[in-house]
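Colleague: Here's a structure for you.
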Amino acid sequence: MAATEDERPTGSGEGERLDFLRDRHVRFFQRCLQVLPERYSSLETSRLTIAFFALSGLDMLDSLDVVNKDDIIEWIYSLQVLPTEDRSNLNRCGFRGSSYLGIPFNPSKNPGTAHPYDSGHIAMTYTGLSCLVILGDDLSRVNKEACLAGLRALQLEDGSFCAVPEGSENDMRFVYCASCICYMLNNWSGMDMKKAINYIRRSMSYDNGLAQGAGLESHGGSTFCGIASLCLMGKLEEVFSEKELNRIKRWCIMRQQNGYHGRPNKPVDTCYSFWVGATLKLLKIFQYTNFEKNRNYILSTQDRLVGGFAKWPDSHPDALHAYFGICGLSLMEESGICKVHPALNVSTRTSERLRDLHQSWKTKDSKQCSENVHIST
């Protein structure tokens, strides 16, 4: 009898081909949606991001059928910060990370409840919208106007974004979140695009990578966030010249050892196989990297017992590295994994569903506009 996927022997040597244990990763993501280790308790206010890693991971593995989509959709909508009846909290709207405030369960079917400490978080709005699209929702209960108003309130004068209205760190991560939100809602009125573009451009460092902000150290994660944001805006080649793009390409391609690191002289880490790999894909030079070494590194961090991936070999797996490890393998067209949309960070199937959704909105708006013209005449 042939060995099953989980029983096949494998080696860890550089020259041996390691197995991708798909079924174990499916079970790992299932557990992330059901019960989490105690060490995750500090992430309670960011629970929606963990849900994103698990749901998008299952989507990448074509295994969303193992979850109750309707229940999760209702839970996500219950995290939407809606306008109150007097609309006094528009600048605080979006999605919160979990039900930590104890506000009554409301899956976006009634007006919002006023609470002095309740507000959306830019990363939770990004992951919340992503999860809804991944699960096949049509976003009909998303208050788009309020989400965009809340997003506009988070942009600072230098073009960057903070996470919450009370103020927080402001850097390239949140510029990317804002770009994804506008792209998914098909409405760029949520930001001053010119200011955001200037912020990205000013973040280019002396060594040609992109930093979290002007004058800071280049980083693989912030380079992805900046380049992906410009791609979502459709502005990449307007912002950087061909010469500058070639320099960015060189900086990125120099990040590979076997896997990728995020900064010079730092250890290789599984997640950068996506952050840097996706940037190289967007810059159209990923094909010049060493796929075999990258694949072997990612799979060396795979937990063969419980599933998932860690940042380093012989470390504990976690939801973030499990997801980005799979996305990194997807860039190399690993068997059993769906294709990833490198800028939006979801499966291409989900990005195509989103495109169809945008088209349906456009058709609906055109029809409504025609009806209004007919009534007025």
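Going from the start of the chain as shown, residues are counted 1 onward.
Just so it is clear, glycine is given a Cβ too, placed from its N, Cα and C backbone atoms.
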Colleague: May I ask you to find which of His219, His321 Swiss-Prot records for the Zn(2+) site already listed with Asp269, Cys271?
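Modeller: It is His321, as the record lists it for that site.
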Colleague: Pull the DSSP breakdown for the repeat 'PFTB 2' (193-234) and write it out as helix, strand, coil residue counts.
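Modeller: Across the repeat 'PFTB 2' (193-234), the residues distribute as 24 helix, 4 strand, 14 coil.
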Colleague: Out of these binding-site residues, Lys266, His321, which one has the fewest other C-beta atoms within 10 Å of its own C-beta?
Modeller: Lys266
Colleague: I need the neighbours of the Zn(2+) site defined by Asp269, Cys271, His321. Which other residues of that chain put their C-beta within 8 angstroms of the C-beta centroid, in sequence order?
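Modeller: Other same-chain residues with Cβ inside the cutoff are Thr270, Tyr272, Ser273, Thr301, Phe309, Ala310, Lys311, Leu320, Phe324, Gly325.
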Colleague: Cα-Cα, whole number of Å: Pro264 (geranylgeranyl diphosphate binding site) versus Cys271 (Zn(2+) binding site)?
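Modeller: Cα-Cα, rounded: 16 Å.
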